[in-house]
Amino acid sequence: MALETVPKDLRHLRACLLCSLVKTIDQFEYDGCDNCDAYLQMKGNREMVYDCTSSSFDGIVAMMSPDDSWVSKWQRITNFKPGVYAVSVTGRLPQGIVRELKSRGVVYKSRDTAIKT
């Protein structure tokens, strides 16, 4: 796991609404999302960080070896970079972003376990 993907503080943590990666708000703004920045372009854009992440999430798991981990299969994060992930993320991406993802062939499934999609 790369050191820059580990949250540097326990305050101001947010989880990506697309992949559930957990970082501080400053890490998302400075580095973007390690898995989704090609689609969400949060790097250097605090407004996009607020739109595409949530401060409300339940549980965290540290995923180091995606191919060997049953947790990564359970959480649907097998194809993502090693890092710290939320078990459930409250909220949804804005409709405009969901439409853009769909036009690029990316299927968005909410990571909010309270909502069935």
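Positions of Cβ are set from backbone N, Cα and C atoms, glycine also.
Annotation source Swiss-Prot lists region 'Interaction with SUPT5H' at 1-40, citing similarity to another entry. Tertiary neighbourhood of the region 'Interaction with SUPT5H' (1-40): same-chain residues 46, 48-49, 52-55, 57, 60, 62-64, 75, 77, 80-87, 89, 91-93, 97, 100-101, 104, 106, 108, 110-111, selected by CB-CB distance under 8 Å and a gap of 6+ residues from either end.
What Swiss-Prot lists as zinc finger is 16-36, and the listing cites sequence analysis.
When pLDDT values are averaged over the zinc finger (16-36), the model yields 95. Here the region 'Interaction with SUPT5H' (1-40) is broken down by DSSP into helix, strand and coil counts: 14 helix, 8 strand, 18 coil.
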